[in-house]
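Shown next, in structure tokens, is the structure this report addresses.
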Amino acid sequence: MSKKSRTKMDLTPKECNILAANAKLTEQEIREWHTDFLRQYPSGTLDQKTFIDYYQKLHPDDKADVIQIFERIDVNDDGTIDFNELLVLIAIRKKLGSLEQRLAFVFDLWDDSEDGQIDQQELTNLISAMYYRAGINDQKGEWNPKKRAKEIIAKLDISGDKKLSKQEFVNGCRNDPVIYGLLVSR
């Protein structure tokens, strides 16, 4: 199921498994969290004000710029955050683990084909989403996601199949100065 075709209420088994493996939560805890989220927010979405209140309840001691966080995780730029977009926030939070662990988590979320590899289109989509979350709207030249995806794959595709394994992806993003900067500064 593509990310674009599913509803905002869905929590796919894949996402549940990835979150359980990476966030040290059980599948039951995640499903309860998801159910509670939908009980509190029946539309399945949070507008900016509601998200700020929700975030501050979850992280009362966090002094982060919550508006900036909202803008970064509103991937489809519709002015709302759904539960699935919250997964991205969890993935990039430093509390989740090392940079390598966060990259592996992101890889799993964006491996739409679920073949254990990310092709150029999947990588382009991921890089584009990361840029938008970082506020980079002019995606030309050095910031062209398709060009960057092609360069990363060309540089790191050891097998020559024009796809990246999880390890190739983690190494590529960790060693790419632009993507690395986006991940470590957040």
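Glycine too: its Cβ is placed from the backbone N, Cα and C atoms.
Remember, it's a predicted structure, so these values are computed and weren't measured experimentally.
Copied over from TrEMBL:
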type: DOMAIN; residues: 61-96; note: domain 'EF-hand'
type: DOMAIN; residues: 98-133; note: domain 'EF-hand'
type: DOMAIN; residues: 144-179; note: domain 'EF-hand'
So how many of the residues in the domain 'EF-hand' (98-133) end up helix, strand or coil by DSSP?
26 helix, 3 strand, 7 coil
In the same chain, which residue numbers or ranges, 6 or more beyond the ends of the domain 'EF-hand' (144-179), come under 8 angstroms Cβ to Cβ?
99-100, 103-104, 107-108, 116-120, 123-125, 127-128, 130-131
Roughly where does the domain 'EF-hand' (98-133) sit in mean pLDDT, to the nearest integer?
78
Under DSSP, the domain 'EF-hand' (144-179) has how many residues in helix, strand and coil?
25 helix, 3 strand, 8 coil
